[in-house]
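> Okay, here's the structure, questions in a sec.
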Amino acid sequence: MPPPVSSGVQVPVVVSKPNVTTGRTANASHKRRKQEATFVCPVPGCGSTFTRSFNLKGHIRSHNEEKPFQCHWPGCGKGFARQHDCKRHEQLHTNYRPFTCEGCSKQFARMDALNRHRESPSALFESFADVVS
């Protein structure tokens, strides 16, 4: 397996946020990968890797706190480094929650939030309470 290569992405001299990815996020991303990560973040100490240069560019914007994608919901205007994060955020305004816990019927906008809920003690308690009553 060849090591990740430089992406050629230019990094500003001053980086306002050296750490933008948590270990948990990096591990989850690594597990989902179906191909080798060939692009590595050039920010010293970061170490994040990507399979596409496009994703690395969005990641670099996070380091620099650039937020070119704005929520269009009236009165919100929250900014995001990546367009898909902005679109996902905008769905929260519409209360679109397609993922439902089969144990307690609580609804979630994202599958990862449902999965965290399923692993939480409160979800286990709610499921147990339904069985007992």
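Heads up, the Cβ atoms here are built off N, Cα and C, so glycines get one too.
TrEMBL does not curate its annotations; it predicts them automatically.
Sharing the features that TrEMBL gives for it:
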DOMAIN    39-68  domain 'C2H2-type'
DOMAIN    69-98  domain 'C2H2-type'
DOMAIN    99-118  domain 'C2H2-type'
> Restricting attention to the domain 'C2H2-type' (39-68), give the mean pLDDT.
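On average, pLDDT over the domain 'C2H2-type' (39-68) sits at 89.
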> Write out how many residues of the domain 'C2H2-type' (39-68) are helix, how many strand and how many coil, based on DSSP.
11 helix, 4 strand, 15 coil
